[in-house]
Amino acid sequence: MRMPSAISIGVFAGLSLAASAVPSLRKNGTTCTVIPLGNGQDDVPNILSAVDECGQTSGGRVVLPAPYTYRINQRMTTHLTDSRLEIGGTLLFSDDIDYWVNNSYRVDFQNQSSAWRITGHDYVVDGGPHRGGVDGNGQLWYTWAKGGSNVFGRPMPVHVFESTRATLRNLAIRQPQFWAVLVDSSSHINLDNFYVNATNHDSSVSPEGEWVQNTDGIDTYRSDHITITNWVYQGGDDAVAFKGNSTNIHVENVTVYGGPGIAFGSLGQYPDRTDIVENVTVRNVRVQPSFQRAMNSGVYFKSWIGVNYGVPPNGGGGGHGYVRNVSVENLRLKDVQLPVYIDTCLSYLFSENITQYCDTSTYEFEDLHFRNISGNGLATVTDYPGKNISFAVALLCSEKAPCTDLTFQDISITLPGNYTGKHVLCENAEVEGLPCNS
């Protein structure tokens, strides 16, 4: 995005200082415009008032214009019906970690939480031509979590919840506290032209200073008919992830810098739940490392061990369900550690002896089709429980639930010239189009 000139920065400063001299909420017909209060004051009450006045009226508009920055000092739910929320400016979440840990909305998955819920129907959230959006103040959270996985209390900045027939577009999410976007219990949602960037600047967080775990770009959960197009993601975790009961999903034109790429999962974590992921198309995706984070994989599938060991978020397992009717097309790889793989031995209890449960999963993967995948792998992954999986493709399916109907067409993945191992590993997998274990 083009940086503002010195003149525009000066204008911004003047507008910010003068904000208190003009009404912070102005209404003109069915359009409500919010001007920030400034001086670190909470803008949530005025934003919610604008939504009440203009966001629930047919044809209504709530406008948060550029170049303003709006302070989000408390959780908020914006309920929109037949209206538009235009975010030309930036929603900046406060640095009050104690508040967010204790007051964010709870999410019914892995004891997670969110800071901003968007609910309703037939609405548009638009960042405009310069991509307004969100600043999650994420560095505070990356340092606070200090490399821990799924640390309780880190809220997601954008939570599309119980929404139908909605479009979110032209949005930038910088430094998200946790996952950038969660689409949850929703249907017929279009998300187009997003930029997500999670970058750690604190070298004390990990030896390499690269830690940006749990900063997914977007996750879908209990949602149907979701379209994700024209995304750029830079971070350290899944760019796009499909959680349980994500159906009829279309993903196209996604560029990924760093992290594990496109993820199906995690799935089967809860023994009392059935997780279904079905009818998913992923097309035209490019993946490569960022300046800070390796590219772990291009596309991968992950289900939990088949016994319930430990408790969520990092333990669990024994759940049921299936991934079915998936098409992955036109995947371009650059310097990817493990381009394509299936993992049915998932647990985040790394200090435990999980290898004894690696063939216990009854979660099913079937009818998965891969076409036109090219680029290079690094053959550097060695940390799968009890195995070296330095391959281009590793399909590690459970003995209790073999993977069936996996097809590959036009696959061209090169490995380093000095690599002498196998290129493809198949365990308990019915595969067509690839020479298994060769």
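Just so you know, the numbers here start at 1 and follow the chain as drawn.
Including glycine, each Cβ sits where the backbone N, Cα and C put it.
The annotation signal peptide is assigned in Swiss-Prot to 1-21 on the grounds of sequence analysis.
Cβ neighbour count for Asn28 (N-linked glycosylation site): 10 (other Cβ atoms within 10 Å of its Cβ, all protein chains included). Residues annotated as N-linked glycosylation site in Swiss-Prot: Asn28 (among others).
According to Swiss-Prot, the N-linked glycosylation site annotation covers Asn102 (among others), on the basis of sequence analysis. Sequence-distant contacts of Asn102 (N-linked glycosylation site), defined as residues of its own chain at least six apart whose C-beta falls under 8 angstroms from its C-beta, comprise Gly153.
Look at Asn111 (N-linked glycosylation site): DSSP puts it in coil. The N-linked glycosylation site annotation in Swiss-Prot covers Asn111 (among others) and rests on sequence analysis.
The repeat 'PbH1 1' annotation in Swiss-Prot covers 186-222. Same-chain residues lying 6+ beyond the ends of the repeat 'PbH1 1' (186-222) with a Cβ under 8 Å from its Cβ atoms: 1, 109, 131, 133, 138-139, 142-143, 145-147, 149-151, 154, 160-176, 178-180, 228-246, 249, 258-259, 292-293.
Per Swiss-Prot, the feature N-linked glycosylation site maps to Asn197 (among others). DSSP assigns Asn197 (N-linked glycosylation site) to a strand segment in the three-state reduction. Around the Cβ of Asn197 (N-linked glycosylation site), the number of neighbouring Cβ atoms within 10 Å comes to 20.
Swiss-Prot lists Asp237 with the feature active site, proton donor, giving similarity to another entry as the kind of evidence. Taken residue by residue with DSSP, Asp237 (active site, proton donor) is part of neither helix nor strand, so it is coil. All protein chains included, Asp237 (active site, proton donor) registers 24 other Cβ atoms within 10 Å of its own Cβ.
DSSP assigns Asn245 (N-linked glycosylation site) to coil, not to a helix or a strand. Cβ-based neighbour count (10 Å, all protein chains) for Asn245 (N-linked glycosylation site) stands at 19. According to Swiss-Prot, the feature N-linked glycosylation site maps to Asn245 (among others), an assignment based on sequence analysis.
What Swiss-Prot lists as repeat 'PbH1 3' is 246-266.
The N-linked glycosylation site feature in Swiss-Prot is assigned to Asn253 (among others). DSSP classifies Asn253 (N-linked glycosylation site) as strand under the three-state reduction.
Long-range Cβ proximity for Asn279 (N-linked glycosylation site), meaning a same-chain Cβ under 8 A and a gap of 6 or more residues, is found for Thr247, Asn248, Ile249, Arg324, Asn325. Look at Swiss-Prot and you will find Asn279 (among others) tagged as N-linked glycosylation site, backed by sequence analysis.
What Swiss-Prot records for 323-344 is repeat 'PbH1 5'. Panel annotation: around the repeat 'PbH1 5' (323-344), residues 261-262, 264, 267, 276-289, 294-303, 305, 358, 361, 363-381, 384, 389-398, 401, 403, 413, 429 of the same chain, lying at least six beyond its termini, place a Cβ under 8 Å from a Cβ of the stretch.
Taken from Swiss-Prot, the feature N-linked glycosylation site applies to Asn325 (among others). In the three-state DSSP assignment, the secondary structure recorded for Asn325 (N-linked glycosylation site) is strand.
Annotation source Swiss-Prot lists N-linked glycosylation site at Asn353 (among others). Sequence-distant neighbours of Asn353 (N-linked glycosylation site) (same chain, 6+ residues apart, CB-CB distance under 8 A): none.
Annotation source Swiss-Prot lists N-linked glycosylation site at Asn372 (among others), citing sequence analysis. A strand conformation is recorded for Asn372 (N-linked glycosylation site) in the three-state DSSP classification. Same-chain residues at least 6 positions away in sequence with a Cβ under 8 Å from that of Asn372 (N-linked glycosylation site) are, in sequence order, Glu329, Asn330, Leu331, Gln409, Asp410.
The N-linked glycosylation site annotation in Swiss-Prot covers Asn388 (among others).
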Alpha-carbon spacing, Asn197 (N-linked glycosylation site) to Asp237 (active site, proton donor), which is rounded to whole Å:
11
For Asn28 (N-linked glycosylation site), which of the recorded positions Asn111, Asp237, Asn253, Cys397, Cys403 has the nearest Cα in space?
Asn253
Distance from Asn111 (N-linked glycosylation site) back to Asp237 (active site, proton donor), taken between C-alpha atoms, in Å:
18
Residue among glycosylation sites Asn111, Asn245, Asn253, Asn418 with Cα closest to the Cα of Cys397 (disulfide bond):
Asn245
Could you count the residues of the repeat 'PbH1 1' (186-222) that DSSP puts in helix, in strand and in coil?
0 helix, 15 strand, 22 coil
Between Asn111 (N-linked glycosylation site) and Asn253 (N-linked glycosylation site), what is the CA-CA distance rounded to a whole number of Å?
31
How would DSSP class Asn102 (N-linked glycosylation site) in three states?
helix
